[in-house]
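J.: I have a structure here, written as structure tokens, and I will follow up with some questions on it.
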Amino acid sequence: MSVKVPRGTQDILPGQSEKWQYIESIAKDVCRRYHYKEIRTPIFEHTELFTRSVGDTTDIVQKEMYTFEDRGERSLTLRPEGTAAVVRSFVENKMFGIPDQPTKLFYTGPMFRYERPQSGRYRQFVQFGVEAIGSEDPAIDAEVIALIMDIYKSAGLKKLKLVINSLGDAESRNAHREALIAHFEPRIDEFCTDCQTRLAKNPLRILDCKKDRDHELMATAPSILDYLNDESKAYFAKVTSYLDAIGIAYTIDPKLVRGLDYYNHTAFEVMSEAEGFGAITTLCGGGRYNGLVQDLGGPESPGIGFAFSIERFIAAMEAERTEWPVDSGLDCFIVAIGMEAKDHSVALVHELRTAGLSADRDYQDRKMKAQLKASDRQKARFTAILGEDELAEKRITVKDMAEGSQDNVLLSELTDYLKTKMEAN
Ligand code: AMP
């Protein structure tokens, strides 16, 4: 029996991997414009990092982590998300001491969650995220939201909905928490066992429950927006006024609470509204986490960030039928006929590659016709044909597949000839 990929994971093959590179390059370029620099952290971390930051009442920590003991009997976990590690690194490397704050970072890489796989939900998925740590200016909230919308727009996505909410500061959250307990407690036995545990530990998370979503008490639950104190209200008003100023449309949804424990103030999600996108429409989630740096042993450094997965980004591109860049093909394919010509083509293809052209040759000892077909399949712009007579004369025949023209060139001039022709159009 052959071995298959583990459930919830996938291979990204040529033909698809170009789409991944395309999205990553767009996201990186937008980060460059907004002045965010890349950070790379390990794929596994001490388990404690996630229980302390993501929160031990969350689904991620309770049910979804890939946790294992290494040979030194340490409990390690494959990272389920990116923020905790970035903040750990921010503290560990004392990035708060850098004169220019906030520290603006982006990351990309695989994340791991033991979830039930379905369309748009994998056990290994690649997130791209940003974190801006060290500022509580509402303008940075607007900047981070503008950045993600810019990434989507740059890729050509249009059918998007930005939803935002405020979870308020600690005082507002506490007032809301009391109201939630009063609301759910009398009928908590009608809810799932997870929600029953959440009631005491973190009642806000009941609003995020997938099982009890349709319970009548959900619709009438107290809204966080009614419990925001004056500072939190003023903060949220500033964020929305900045979004208005830069022309970013949004919907306020008081039910948006986000799954992780560390959020406060601004929370946001971007959904796809493309027809046929599927049941899970969230493309990106983010929010502010003012206490997290302190929770992980650093000085007070308020932060905000977001993450999206490339899997769902690609699904949204496909659902909207957005155009992908066309595969430009090879610059030159060398067709060699006869042993001597084949031998010579080894150095020739190397010369072209060294000069910066993309070039290839036949390695299957195929006849001329099959080599020409291969050149066609590779979408080569030029096919260079080297026969024995030509080799004797130190020349080569070059077909320009775009123009349909043909030239006989000195072998020593092939690179310059191709470069000149390519620069001309
Ligand atoms: P979260 O860290 O749960 O807020 O997720 C942020 C974003 O990551 C989501 O909006 C999705 O785009 C993506 N995401 C989360 N979980 C998965 C998954 N299991 N498979 C694919 N993408 C995911």
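Heads up, residue numbers simply count up from 1 along the chain you see.
Glycine is treated like the rest: Cβ placed from N, Cα and C.
According to TrEMBL, the record shows the following:
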- Glu81, Gly82, Thr83, Arg113, Gln127, Glu131, Arg258, Tyr262, Tyr263: L-histidine binding site (BINDING)
- 1-325: domain 'Aminoacyl-transfer RNA synthetases class-II family profile' (DOMAIN)
J.: Can you list which of the binding-site residues Glu81, Thr83, Tyr263 have their Cβ under 6 Å from some atom of ligand 1?
T.: Glu81
J.: Across the record's L-histidine-binding residues Glu81, Gly82, Thr83, Arg113, Gln127, Glu131, Arg258, Tyr262, Tyr263, the largest CA-CA distance in angstrom?
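T.: Largest pairwise Cα separation, rounded: 21 Å.
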J.: What are the non-local neighbours of Tyr263 (L-histidine binding site), defined as same-chain residues 6+ apart in sequence with CB under 8 A from its CB?
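T.: Non-local contacts for Tyr263 (L-histidine binding site): Leu167, Val257, Gly287, Arg288, Tyr289.
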J.: Return one of helix, strand or coil for Arg258 (L-histidine binding site), based on DSSP.
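T.: For Arg258 (L-histidine binding site) - judged by DSSP and reduced to three states - the answer is coil.
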J.: Using a 10 Å cut-off, grab the number of neighbouring Cβ atoms around the Cβ of Gln127 (L-histidine binding site), all chains included.
T.: 22
J.: Name the secondary structure element type, per DSSP in three states, that contains Tyr263 (L-histidine binding site).
T.: coil
J.: Helix, strand or coil for Gln127 (L-histidine binding site)? Use DSSP.
T.: strand
J.: Across the domain 'Aminoacyl-transfer RNA synthetases class-II family profile' (1-325), what does the mean pLDDT come to, as a whole number?
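T.: That stretch averages a pLDDT of 94.
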